[in-house]
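Peer 1: Sending over a structure as structure tokens; questions will come in a sec.
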Amino acid sequence: MGAARIAPGLALLLCCPVLSSAYALVDADDVMTKEEQIFLLHRAQAQCEKRLKEVLQRPADIMESDKGWASASTSGKPKKEKPSGKLHPESEEDKEVPTGSRPRGRPCLPEWDHILCWPLGAPGEVVAMPCPDYIYDFNHKGHAYRRCDRNGSWELVPGHNRTWANYSECVKFLTNETREREVFDRLGMIYTVGYSVSLASLTVAVLILAYFRRLHCTRNYIHMHLFLSFMLRAVSIFVKDAVLYSGTALDEAERLTEEELRAIAQAPPPPAAAAGYVGCRVAVTFFLYFLATNYYWILVEGLYLHSLIFMAFFSEKKYLWGFTVFGWGLPAIFVAVWVSVRATLANTGCWDLSSGNKKWIIQVPILASIVLNFILFINIVRVLATKLRETNAGRCDTRQQYRKLLKSTLVLMPLFGVHYIVFMATPYTEVSGTLWQVQMHYEMLFNSFQGFFVAIIYCFCNGEVQAEIKKSWSRWTLALDFKRKARSGSSSYSYGPMVSHTSVTNVGPRTGLGLPLSPRLLPAATTNGHPPLPGHTKSGSPALQATPPAVAAPKEDGFLNGSCSGLDEEACAPERPPVLLQEEWETVM
């Protein structure tokens with residue numbers, strides 16, 4: 001009863017951080033292409049020029065102050081301040097004249113400098129504006145600075161015919177230090193190696209489950225769909241990175257300067273639906289679809305295990321079709337809706353960045369699957385604890401009981417994606433320094449290697465899979481040994497650990513070529529001179545008595561192991577749920 005009472009409260013407590021910051025989990029792969037950066041700069045320029053016209057048409061407002069312009073600025077409210085002398089050294093004249101006694105002449109006119117929309121500037125003051133958020137790689141917590149001289153003109157750079165401005169706080173992210181570069185290189189290596197290892201191991205796991213017919217059952221079909229979703233997610237990430245990250249501003253961060261940003265802004269605006277966007281839009285769409293299908297197949301695994309535990313009558317074939325439509329079809333619906341809305345209402349850029357509230361078309365279904373799957377995980381762990389307590393009711397070794405529960409929980413965590421909630425309460429935008437590095441290394445490691453862990457637990461460490469591989473290996477080595485002995489003409493051959501010294505020539509009848517005659521080619525046994533009916537064997541006949549045990553064993557063995565193939569699947573379907581449930585317990589325990 002204790003575990004049953006604690007589990008719902010624990011689920012509610014842990015679901016709160018899941019809902020609060022799962023947005024960062026889903027939206028963590030945004031990247032700005034150079035074309036999108038140009039588009040955003042031109043859009044900011046158009047908005048600035050429109051508001052400049054509105055302000056310049058009111059001369060009275062210009063002579064009063066910049067209050068009207070401050071409210072119309074697109075980049076936030078400007079602030080007039082005197083920064084430190086290192087960045088903005090004051091002239092001797094400014095130092096001698098107190099601020100309150102300075103003449104209030106004509107202010108500096110607002111203008112667009114191809115990076116930022118500057119408001120009216122009070123004469124003799126330093127104007128500070130927040131770094132624009134439409135430049136993706138800027139430090140959005142910093143400020144850019146300009147000085148308005150006492151004559152109502154923006155201060156010029158000495159020796160150059162251009163306006164002085166200080167963007168050093170904004171571009172500090174564009175001049176990466178060696179240590180920061182090493183961190184990103186290390187994260188990229190973890191990211192690439194993790195998804196590569198997952199992709200390779202999942203491919204082997206799918207081939208194993210598809211090759212052995214005795215492993216063809218509903219449980220393993222669901223595992224194969226889950227493995228395939230992890231594989232497609234990894235492939236889509238590699239394709240998206242190859243398409244988007246080539247030619248981004250981030251790749252040229254160390255060479256990017258303020259002048260180059262102005263040059264980008266002065267370039268002609270790209271068309272809204274350029275042909276160059278087709279490839280990256282397709283890559284982003286498939287990435288979002290396979291990301292959603294991966295989350296939904298993780299949910300299908302939880303629903304299947306939950307159904308085996310709590311449903312008395314469970315029709316596997318009927319639910320398999322439903323699970324397939326749910327795992328692959330439902331994500332296709334809301335991704336298609338998102339594509340239609342984005343193409344109609346926000347057909348700009350490469351579609352990789354969020355566009356207002358339209359992002360929730362994809363994020364809400366994914367968040368719902370994460371929350372539901374976590375609730376299923378808590379409920380299944382509760383049942384595990386109850387089962388272990390009932391099994392060890394007469395024993396006093398509670399330490400072993402808790403050890404088994406911990407092991408079972410750790411096995412279920414990679415499948416249900418429980419590791420996502422560790423840093424759920426600290427989104428990317430709220431961490432920095434050491435904590436940010438710890439979070440990024442943790443998420444890159446577990447997210448990329450999750451497919452590998454799932455393949456290890458549900459394929460390579462599965463007892464049924466290991467038994468089939470051992471049987472296949474024994475048959476293959478036996479066939480090679482038999483062929484080698486037959487070619488050498490030896491009088492002995494081995495069958496596993498048993499050695500027979502029977503002559504090879506006495507093994508069975510031979511054909512005219514000297515090869516052993518297959519039992520299928522031997523004449524059929526006759527009854528009163530007539531061959532028996534197909535499928536009929538007379539009771540007590542030598543044929544019935546001589547039937548090897550291995551001929552009848554597969555059906556019974558398959559029934560006990562829950563791995564039906566062919567006609568056997570129908571025969572053992574009514575009794576399979578308890579058997580399958582026992583197998584799932586064995587896998588988890």
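Every residue gets a Cβ built from N, Cα and C, even glycine.
Quick paste from Swiss-Prot:
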REGION    64-105  region 'Disordered'
COMPBIAS  81-90  compositional bias 'Basic and acidic residues'
CARBOHYD  N151  N-linked glycosylation site
CARBOHYD  N161  N-linked glycosylation site
CARBOHYD  N166  N-linked glycosylation site
CARBOHYD  N176  N-linked glycosylation site
TRANSMEM  189-209  transmembrane segment
TOPO_DOM  210-223  topological domain 'Cytoplasmic'
TRANSMEM  224-244  transmembrane segment
TRANSMEM  295-315  transmembrane segment
TRANSMEM  319-339  transmembrane segment
TRANSMEM  361-381  transmembrane segment
TOPO_DOM  382-404  topological domain 'Cytoplasmic'
TRANSMEM  405-425  transmembrane segment
TRANSMEM  440-460  transmembrane segment
TOPO_DOM  461-589  topological domain 'Cytoplasmic'
MOTIF     473-476  motif 'Important for interaction with G proteins'
REGION    524-549  region 'Disordered'
MOD_RES   T547  phosphothreonine
Peer 1: Ranking 189-209, 224-244, 319-339 by Cβ pairs under 8 Å to the transmembrane segment (440-460), which is first?
Peer 2: 189-209
Peer 1: Report, as numbers and ranges, every residue of the chain located at least six residues beyond the transmembrane segment (295-315) whose Cβ falls under 8 Å of a Cβ in that stretch; write 'none' if there are none.
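Peer 2: Sequence-remote neighbours of the transmembrane segment (295-315) are 219, 222-223, 225-226, 229, 323, 326-327, 330-331, 366, 369-370, 372-373, 376-377, 379-380, 383, 415-417, 577, 580-581, 584.
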Peer 1: For the transmembrane segment (224-244), which recorded stretch in the set 189-209, 319-339, 361-381 gives the largest number of Cβ pairs separated by under 8 Å?
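Peer 2: Answer, by Cβ pair count: 189-209.
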Peer 1: Between N151, N161, N166, which of the glycosylation sites has its C-beta surrounded by the fewest other C-beta atoms within 10 Å?
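Peer 2: Across N151, N161, N166, these glycosylation sites, the one with fewest Cβ atoms within 10 Å is N161.
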Peer 1: Can you grab the distance from N166 (N-linked glycosylation site) over to N151 (N-linked glycosylation site)? Cα atoms, rounded to a whole Å.
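Peer 2: Cα-Cα, rounded: 20 Å.
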Peer 1: From the DSSP assignment alone, can you count helix, strand and coil residues within the topological domain 'Cytoplasmic' (210-223)?
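Peer 2: Across the topological domain 'Cytoplasmic' (210-223), DSSP assigns the residues as follows: 11 helix, 0 strand, 3 coil.
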Peer 1: From the DSSP assignment alone, can you count helix, strand and coil residues within the motif 'Important for interaction with G proteins' (473-476)?
Peer 2: 4 helix, 0 strand, 0 coil
Peer 1: Using the alpha carbons only, what distance in Å do you get between N161 (N-linked glycosylation site) and N151 (N-linked glycosylation site) once rounded?
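Peer 2: Answer for this pair: 17 Å between alpha carbons.
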Peer 1: Is the transmembrane segment (319-339) packed against any residues at least 6 beyond its ends, judged by a Cβ distance under 8 Å, and which are they?
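Peer 2: Sequence-distant neighbours of the transmembrane segment (319-339): 218, 221-222, 225, 229, 285, 288-289, 292-293, 296-297, 299-300, 303-304, 307, 358, 361-362, 365.
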Peer 1: For N166 (N-linked glycosylation site), just give me the three-state DSSP call.
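Peer 2: In the DSSP reduction, N166 (N-linked glycosylation site) maps to strand.
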Peer 1: What average pLDDT does the predicted model assign to the topological domain 'Cytoplasmic' (210-223)?
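Peer 2: Its mean pLDDT is 88.
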